[in-house]
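Record features, source Swiss-Prot:
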COMPBIAS  356-383  compositional bias 'Acidic residues'
MOD_RES   S2  N-acetylserine
REGION    352-383  region 'Disordered'
REPEAT    2-36  repeat 'HEAT 1'
REPEAT    37-74  repeat 'HEAT 2'
REPEAT    82-119  repeat 'HEAT 3'
REPEAT    209-246  repeat 'HEAT 6'
REPEAT    292-329  repeat 'HEAT 8'
REPEAT    364-405  repeat 'HEAT 9'
REPEAT    409-446  repeat 'HEAT 10'
REPEAT    685-722  repeat 'HEAT 14'
REPEAT    727-764  repeat 'HEAT 15'
REPEAT    894-931  repeat 'HEAT 18'
REPEAT    933-968  repeat 'HEAT 19'
REPEAT    1044-1081  repeat 'HEAT 22'
Amino acid sequence: MSTGAFYISSLLEKMTSSDKDFSPKSLGGSRVLDPLPWLQILAAITDWISGDRTQDLALPRFMATSDLMSELQKDSIQLDEDSERKVVRTLLRLLEDRSGEVQNLAVKCLGPLVGKVKEYQVENIVDTLCANMRSDKEQLRDIAGIGLKTVLSELPPAATGSGLAISVCRKITGQLTSAIAQQEDVAVQLEALDILSDMLSRLGAPLGTFHASLLHCLLPQLSSPRLAVRKRTVVALGHLAAACSTDLFVELADHLVDRLPGPRAPASPAAIRTLIQCLGSVGRQAGHRLGAHLDRLMPLVEEFCNLDDDELRESCLQAFEAFLRKCPKEMDPHVPNVTSLCLQYMKHDPNYNHDSDEEEQMETEDSEFSEQESEDEYSDDDDMSWKVRRAAAKCMAALISSRPDLLPDFHCTLAPALIRCFKEREENVKADIFGAYIMLLRHTRPPKGWLEAVEEPTQTGRNLNMLRAQVPLVMKALQRQLKDRNVRTRQGCFNLFTELAGVLPGCLAEHMTVLVSGIVFSLADYSSSSTIRMDALAFLQGLLGTEPAEAFHPHLPTLLPPVMACVADPFYKVAAEALLVLQELVRTLWPLDRPRLLDPEPYVGEMSTATLARLRATDLDQEVKERAISCVGHLVGHLGDRLGDDLEPTLLLLLDRLRNEITRLPAVKALTLVAVSPLRLDLQPILAEALPILASFLRKNQRALRLATLAALDALAQSQGLGLPPPAVRSVLAELPALVSENDMHVAQLAVDFLTTVTQTQPASLVEVSGPVLEELLQLLHSPLLPAGVLAATEGFLQALVGTRPPCVEYSELISLLTAPVYNQVGDGGPGLHKQVFHSLARCVAALSAACPQEAAGTASRLVCDARSPHSSTGVKVLAFLSLAEVGQVAGPGPQRELKTVLLEALGSPSEDVRAAAAYALGRVGAGNLPDFLPFLLAQIEAQPRRQYLLLHALREALGAAQPDNLKPYVEDVWALLFQRCESPEEGTRCVVAECIGKLVFVNPPFLLPRFRKQLAAGQPYTRSTVITAVKFLISDQPHSIDPLLKSFIAEFMESLQDPDLNVRRATLTFFNSAVHNKPSLVRDLLDDILPLLYQETKIRRDLIREVEMGPFKHTVDDGLDVRKAAFECMYSLLESCLGQLDICEFLNHVEDGLKDHYDIRMLTFIMLARLAALCPAPVLQRVDRLIEPLRATCTAKVKAGSVKQELEKQDELKRSAMRAVAALMTNPEVRKSPSVADFSTQIRSNPELATLFESIQKDTASGPSMDSMELS
């Protein structure tokens, strides 16, 4: 026998020992006991000494059971079959032990034991517990109930693939049903109902075979004379409703509705309350299934809400809340009545005279059903009106969150009522009233900058203006409450004001006196917990960020002392929050980009003393250390010129923190703040020591430290310049070549920026490192992934190298280094390097030419020669043309005369890369000399139709690079030429023409944009689609002066969605998608008219499907596929930027259609469905049974025999995308209760291929960011 088995055996022997009087032998030798057994032993010793030995001590069994509990909780324990049987038998016997302590320990052992024994032993445990529940002994029944709950809670969930939980639950369901049905013993009924509720909440769907019997067993219990039974039955029915079949749900709903009497019919108040409470429970657990029954339910519930019964009113309002949250679409006709009832009962307080100043303290307990509530909860002496008011407030919050489209009405009706109710005397109710108003604020928050939203004549702007009018009323209502003795009230005020300031920045400035008074009151409140001080500090910090600095100036003498006291607070969280506030105060009141309007002299000493005291302390929490360092950085950076003799000690303290490994990162950031300060402080006392320390940080693996260090070094180099000690600078420069690498582009960019600054301030220091740095930099330029920021930094560095006097590196040497990899290429197998590398090298050549204009003409001439030489390789020609595109504009007219001929010849090159580079150069060079080049370019487009595509590309570049004023003389000629080519049969040509038209419109938008009307009305189909495509190129993601004019024409352009031509409709959808994605404000107000047309384009049109014969095979072609795909892409973009304007139920109808469409569209809709599951869980839940079927069909689809590899890969990707949507749906616990989802989940677990795929997707979701967005424009 192993040591573990022997130990278990010895424990079992002790657990079965008979009771004895206490003796030293019962201690089990000299083993060390846990604290709990020692307490038992101490009590036993006391009784024994006193002579009372009749008590059942049972110490050996108790201690052995405790030891067994410890063993079972170890992962390493393994029981053989014999040990399993003995342990189970012994523990079940101990459940009947005379000692209550032994019983309690034994039942606790059952939890960990479940995972250590075989299934049949678990079933044995469950059988015994069920039998004990029917025992005549009350204590045994209680312990059996606890045991069953313990076992059920420890069973592995069905989602893990284990069938144990399901088999155990099926085994006991029948016994629970019979226990509930028998009326003799209420205690057994209650215990069985509790266990059944727990089972249904965890494993409702897998118990489908029992649902009918459970329903028929539970429904009669709604009429039980015992309140506790009725309440537990209501909870169980709620869980059952979420998991049962549609037929059973309809039966349950019909039962509840049919038994609701008419409001004037005689009925038991208790029976009505129970039925309404059951409706509320079903609404909370399965409200998405109640939508079809609401038209019958709501009139009855509304009538009952008017009866003189506060408990019934509360239940009705709770039911309304559930209905609003779970089926908002179906509640639409009932919203006015619900709103009226909420307004009526939110002020329902018949037992209180509001004119009195005396506030009554009342018990505030949760009214939600739970098994702990007792039958006498609703005593005649209880004032239930506060629960009615709280239910009304919660219902109002649900109303606001479920119907954001009614915000204007809510601001007129709900907002004033909520503000009046801020004086509510009951704290729980007041918290929910605050919550409802905060919900209104959050939905009023505009989706973009608030200032633009206020000025915009849309509904959002009107909502914000209505909110602004409410601010004085809110302030008046909350003025006294900011100093309320109740902490929770003040916290609610701070939360509400924080949200208000975030929605409407600046609106609290004129009320600052009241707010500061309230903040100071809470900061000085040491009688309550520190939480209120932290809340007050957090509110103050937010206020400093949203309100103008001038509003704080008069209040600083009042505000600063309590903040300083909090900085010195012994509790680290308060101190950390106070330091953050102090930092914000400094940054807001004495900004560096504006003149000082407030003299800092009276305050700077106090702030410096308090902060440095925190910084010098050595026993601080890490968060306080970091905040103190940051605060010192802001203090020195903003007010260093007023610190006087304290400046140098403060800098030395920062230097000391720079040496400490724990504080070095915040110290580096603080040093950066000091260095970038326009105060130009003298940092000489620390520079010689700080630079080598910073240099050492560049070798660390901590990326954040390297980035912060490079930023600090660049700031120091810019601010101190020649003041930096050259030896220290060289020590830093020695670390830089290793950082100029494509391994981390951001680090490389900062390193090059620092090199540029050093080159400009201390060029002599670069002598030793310029070679290695240039070598790494040139290697970096060969990366095809080079970001624009790194390229711009490289250009600046190269310009700095040739800009010093004398230059650090000669111009010719740098040009040679840049072009050598291309010029030295052996053979002519094509360009060689990646296309993007040529553009990067060309940009650098142009940057050098711009820095040395005297060299530009010579460089351009050499490039022209290289471009026209028959001996030049393709790579050399491409680089020459791309360089000429950049250099030609600054090279002067000399080389340009010869350049025309060279570029035109190159358009006929056999190399596509050379032709594209020549076209690009022709346009860019022409932009610098429009009078000479543009007429020539237009003439060539007319004369050379075979080169038209390349010449149009050149025209596009010229229009994009030239100044608008310089283009005005040529507008009419270019316009005419472009519209002559709108009917080109080549789609690529039409697309380039559209882009040219878009760029041309920017020259004179008010004159040219209205011309589109004529073209759309009279043009041919190709012309109309080209015009609409051109509109797409007028939309950018940045604000532009054309936006207001464009917005006035959008409605007319969108009428093209009704164009009979497919290409025009597709172009219109593409343009609409670009607008929604980049500038949704252009189309938001038109969605009511656009969406029906958009949805129409998602339908499959049979008249557009045709068969094409390809040899012996027939191939189906769907001409409408591209239009449908464009429509679904628009729908996805609308989810991201216009969610509030969508009717999600209607939206889901078309998503549902897309789930059965073509491969490309299904891929789109799977992504949309995953997004909707996160954004709009309630509507998705309502139709999950319909959504899951196409997903199941996709996941279980079989590939046809003989399919090619491409088909197999497409099917695998489709299956993976569908499974991602399934995984996203299943993140909602309520979705998992759906019978159809539970059935599919079982199917996934039983199929090894699907199970593996599902597990891999879940791991991917857990380890990486989800696909929250998709670029479609």
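Note: Cβ is positioned from N, Cα and C throughout, glycine not excepted.
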So what's near the repeat 'HEAT 19' (933-968) in sequence-distant terms, Cβ-Cβ under 8 Å and 6+ beyond its ends?
-> 885, 889, 896, 900, 904, 907-908, 915-916, 918-920, 922-927, 974, 977, 981, 984, 986, 988-989, 992-993, 995-996, 999-1000, 1002-1004
Same-chain residues at least 6 beyond the ends of the repeat 'HEAT 22' (1044-1081) with CB under 8 Å of its CB atoms are 447-448, 452, 456, 458, 1005-1006, 1009-1010, 1012-1013, 1016, 1021-1022, 1024-1026, 1028-1029, 1031-1032, 1034-1037, 1089-1090, 1093-1094, 1097, 1104, 1119-1120, 1122-1123, 1126-1127, 1129-1130, 1133-1134, 1136-1138, 1272-1273
Composition by DSSP (helix, strand, coil) of residues within the repeat 'HEAT 14' (685-722) | 33 helix, 0 strand, 5 coil
Over the repeat 'HEAT 1' (2-36), what does the predicted model average in pLDDT?
-> 52
For the repeat 'HEAT 10' (409-446), DSSP counts of helix, strand and coil?
-> 33 helix, 0 strand, 5 coil
Give the residue counts of the repeat 'HEAT 8' (292-329) per reduced DSSP state, in the order helix, strand, coil.
-> 31 helix, 0 strand, 7 coil
Under DSSP, the repeat 'HEAT 6' (209-246) has how many residues in helix, strand and coil?
-> 33 helix, 0 strand, 5 coil
